[in-house]
Each structure stands twice: as C-alpha cells, then as structure tokens.
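Visitor: Quick one: this structure, given as structure tokens, is what I'll be asking you about.
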Amino acid sequence: MSAVLASEAVVPVAVPQVDGTAIVLLGTGVVGGALLKLLNTPAASALRLVGVANSRRQQTDPEHLADRGLREKLKTHGEPRDDASLLDALERSGASIKVIIDATANNALAARHAEWLEQGYHVVTANKALAGGALAGWRALQAAREKRTYGDAATVGAGLPVLSTLRRLRQCGDALLTLEGVFSGSLSYLFNQYDGSQPFSVLLAEARKLGYTEPDPRSDLSGEDVARKLLIIARNAGFALGTDEVEVESLVPEALRGVDTETFLARLEELDEPLARRHAEAKARGGVLRFLARLNQRGKARVGLVEVPATHPAARLYGTDNQFALTTTRYHSQPLVIQGPGAGPEVTAQALLGDVLAIG
Ligand SMILES: NC(=O)C1=CN([C@@H]2O[C@H](COP(=O)(O)OP(=O)(O)OC[C@H]3O[C@@H](n4cnc5c(N)ncnc54)[C@H](O)[C@@H]3O)[C@@H](O)[C@H]2O)C=CC1
Ligand SMILES: N[C@@H](CC=O)C(=O)O
C-alpha cells in the first residue's frame with residue numbers, strides 16, 4: 001500500500017509563528033531530485049525544507065533539512081514513511097506559509113490535494129492525477145483552492161506559461177474557442193526524431209533515460225498523460241469535460257497493456273513494427289507523424305497520432321518542444337501560440353519553485 005499523508009493524525013502544537021515559508025517535498029525522483037538541487041541555490045534561500053519523502057522513506061526537521069545529499073541518502077537511510085510526521089514537521093516549523101510539493105505520479109497523494117488546501121496548506125504540484133482525473137476531483141479542487149494556493153504550472157507544458165496565460169485571458173473576459181497542439185514532451189522528442197533509421201524503442205529508452213517520460217512510459221504512449229493535460233487546460237478554460245469525453249488513441253500494443261512496468265520495459269521492441277509501418281506510410285505521402293491533442297468549439301476532444309504535412313506547425317518542432325495553439329474570441333484570426341520545451345527535470349523543477357515563490 002502506498003504511504004499517504006494522514007491528516008487526521010496531526011496533533012496541533014503550540015509553536016510561535018514566524019514569517020516565512022516551510023515546505024515538504026513528496027517525491028525525489030527525476031523532478032523532485034532536480035528541485036532539491038534548486039533548493040540549494042540563492043533563489044530558494046528564503047525557503048525552509050522541513051520534510052522530504054520518497055515512496056519508502058522520509059526525513060524531517062522542523063528547523064531546516066540543509067543536507068545536500070538528501071536524495072541519495074533517502075535511498076538507504078531515513079525514517080520509514082510515516083504520513084503524520086511530515087505534516088507535523090510543517091506545523092512545528094511555525095512558518096506562516098506552509099507548502100506541500102507533490103513531485104510524484106501517485107494517485108493517492110493527488111487525491112489528498114483538496115483536503116490539504118482545506119486544512120490550510122498551500123499545494124504545489126507536478127502531479128496531474130487530480131486536476132486531470134475524474135471530474136468530481138476537479139470540482140472538489142476548485143472549491144478548496146479558494147482557501148489556499150494551488151500551484152499547477154508544472155502540470156502542463158512542464159511550466160510553460162499556458163495555464164497562467166489562459167487565466168489572464170479569462171480574467172479579461174476572453175474565452176477559449178479551440179485548442180490544438182503537441183502536449184507531450186516525450187512524444188514530441190520521439191516523433192521529432194523518429195525517421196525509421198533506428199528503432200522507435202531505442203529512442204524511447206533514450207527519452208526515459210533523459211527524464212522525459214512518466215515513471216511508466218505507457219502513461220505517455222497510451223495518450224493518458226496528454227489527455228490529462230488537455231483536460232486540465234479545457235477545465236481551466238471553463239469546459240467541464242469528463243475523462244470519458246476525450247477520445248484517446250493508445251500507441252501501446254494490446255499485449256503490453258496489462259503487464260507490469262518491468263515486463264513492459266523488457267519488451268519495448270514490440271512497439272517498433274507498427275510504428276515503422278505508420279511512419280513509412282506517412283513518409284510515402286510526404287507527411288510526418290505527430291501526437292496531437294485537439295479540442296474543438298463544440299467541446300469535442302481527441303488525442304492521438306496524426307499524419308500532418310511537413311508544412312504543419314507541429315512538424316517544425318525540436319527536442320521536447322510542446323506547442324499550444326489557443327484560438328479565443330480575441331485571438332481569432334490567428335491563434336495565440338505558446339511553444340517551448342515541455343518535459344525535463346530542470347524546467348519542471350523550476351516551475352515548482354516558481355509556484356512556491358509566488359505564494360505569499
Ligand atoms: N519528468 C518530466 O519532465 C515531468 C514530470 N512531471 C510530473 O512529475 C511527477 C514526477 O515525475 P518524475 O520525477 O519524472 O517521476 P519519478 O518516477 O522519477 O519520481 C517519482 C518519485 O515519487 C516518489 N513517490 C511515489 N509514491 C510516493 C509517495 N506515496 N510518497 C512519497 N513519494 C512517493 C518515488 O519514490 C519517486 O521518488 C509526475 O507526476 C510527472 O507527471 C510533470 C512535468 C514534467
Ligand atoms: N511525461 C511527460 C512529462 C511532462 O508532463 C511528457 O512527456 O510530457
């Protein structure tokens with residue numbers, strides 16, 4: 001069973017309140033590890049890290065965990081994962097601003113975001129499972145975020161200014177009409193490079209090593225991660241879409257859908273033949289393959305692999321570039337386009353740090 005924060009176990013303690021920000025970090029993987037590095041830079045000098053956890057261990061210190069080797073140390077040392085003591089460390093810090101940072105892909109933790117906001121904690125997240133999950137969870141989140149800040153920049157475009165732009169447009173009375181683009185950094189990296197000269201599975205292993213994919217790359221290849229981002233954007237734009245309202249094309253062969261992650265990673269070559277065939281067919285017609293997300297004016301949403309001409313804007317992306325083309329009532333004849341790297345440890349960690357620093 002995965003460890004989660006059990007709020008009911010927190011005993012209020014009388015601690016003198018001090019101005020400042022205390023944080024706990026959940027997840028010390030690709031993104032959490034990069035954030036730990038950023039926390040040791042001058043930009044984060046005002047923040048006090050009072051708790052850090054991976055799925056199995058944690059360390060707490062209500063004063064400040066200043067150790068630089070925390071990520072490595074947690075692999076072998078630390079208290080067993082005890083939910084209550086992380087929140088307790090935040091309470092005992094006495095800080096006026098208390099922030100929980102979720103750098104995991106854990107569904108049970110995401111399910112707690114609304115509850116933490118209700119309890120007075122700010123939440124900053126790279127984890128998309130709540131905002132991009134079931135509509136009921138999204139609605140609970142909207143009610144709770146009136147109480148405290150929900151920093152979600154990292155959930156879309158790895159921190160590209162998509163959600164902030166959308167909110168600003170809405171504040172001005174503008175409305176999203178349609179949305180189109182490439183919302184996955186890993187799939188962008190894969191299809192920008194894939195020319196049939198080396199197997200798709202080799203590129204996928206590379207993307208995973210570089211920290212672009214989800215912990216289980218099937219979350220990317222299945223379209224699930226892209227669908228979540230589409231839902232997050234659409235919902236933030238006022239389209240109350242349910243998960244079942246997005247048509248999703250999966251690139252994961254049927255035989256690899258039910259196996260465990262380790263088995264999937266050992267059988268990556270099974271992806272190669274179907275994608276080589278689709279690539280060759282597209283090439284013969286002068287097109288290229290891109291994994292696109294689309295939302296039309298009637299609220300119809302689809303994510304999947306599309307053959308586009310070489311002149312299409314999505315055909316001219318590089319590296320992990322994401323591209324978000326927003327057509328709104330005021331950006332009507334030409335869409336507002338936001339483009340840039342959409343995955344990777346440093347940019348994502350920076351998005352988390354930026355959201356924390358913006359609180360207050
Ligand atoms: N890698 C990227 O470029 C981006 C990732 N994200 C999101 O960031 C999140 C993390 O991704 P990665 O760092 O790549 O994954 P990862 O697999 O490298 O790290 C996940 C971490 O979460 C920890 N964890 C799992 N369950 C936990 C629990 N119950 N309590 C505490 N820790 C727990 C794991 O031990 C691990 O340290 C995901 O939600 C992903 O969608 C968002 C934008 C970009
Ligand atoms: N795996 C994701 C990482 C960012 O959310 C992607 O490839 O875009």
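Heads up, the Cβ atoms here are built off N, Cα and C, so glycines get one too.
Not my notes, these are from TrEMBL:
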type	residues	note
BINDING	GLY27, THR28, GLY29, VAL30, VAL31, GLY32	NADP(+) binding site
DOMAIN	27-146	domain 'Aspartate/homoserine dehydrogenase NAD-binding'
REGION	57-82	region 'Disordered'
COMPBIAS	58-82	compositional bias 'Basic and acidic residues'
BINDING	THR104, LYS128	NADPH binding site
DOMAIN	161-357	domain 'Homoserine dehydrogenase catalytic'
BINDING	GLU214	L-homoserine binding site
ACT_SITE	LYS229	active site, proton donor
Visitor: Give the three-state DSSP assignment (helix, strand or coil) for VAL30 (NADP(+) binding site).
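Guide: Its secondary structure by DSSP: helix.
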Visitor: Across all chains shown, how many C-beta atoms besides its own are within 10 angstroms of the C-beta of GLY32 (NADP(+) binding site)?
Guide: 26
Visitor: 10 Å Cβ neighbour count around GLU214 (L-homoserine binding site)?
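Guide: Cβ-Cβ neighbours of GLU214 (L-homoserine binding site) within 10 Å number 19.
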Visitor: Ligand 1 is in the model; which of the recorded positions GLY27, THR28, GLY29, VAL31, THR104, LYS229 have a C-beta less than 6 angstroms from one of its atoms?
Guide: GLY27, THR28, GLY29, VAL31, THR104
Visitor: Using a Cβ cut-off of under 6 Å to any atom of ligand 2, determine which of the recorded positions VAL30, GLY32, GLU214, LYS229 qualify.
Guide: GLU214
Visitor: Residue counts in helix (H, G, I), strand (E, B) and coil for the region 'Disordered' (57-82), per DSSP?
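Guide: Result for the region 'Disordered' (57-82), in helix, strand, coil order: 7 helix, 6 strand, 13 coil.
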Visitor: Just to be sure I understand: of THR104, LYS128, GLU214, LYS229, which recorded positions have a C-alpha no more than 10 angstroms from the C-alpha of THR28 (NADP(+) binding site)?
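Guide: Passing the 10 Å Cα cut: THR104.
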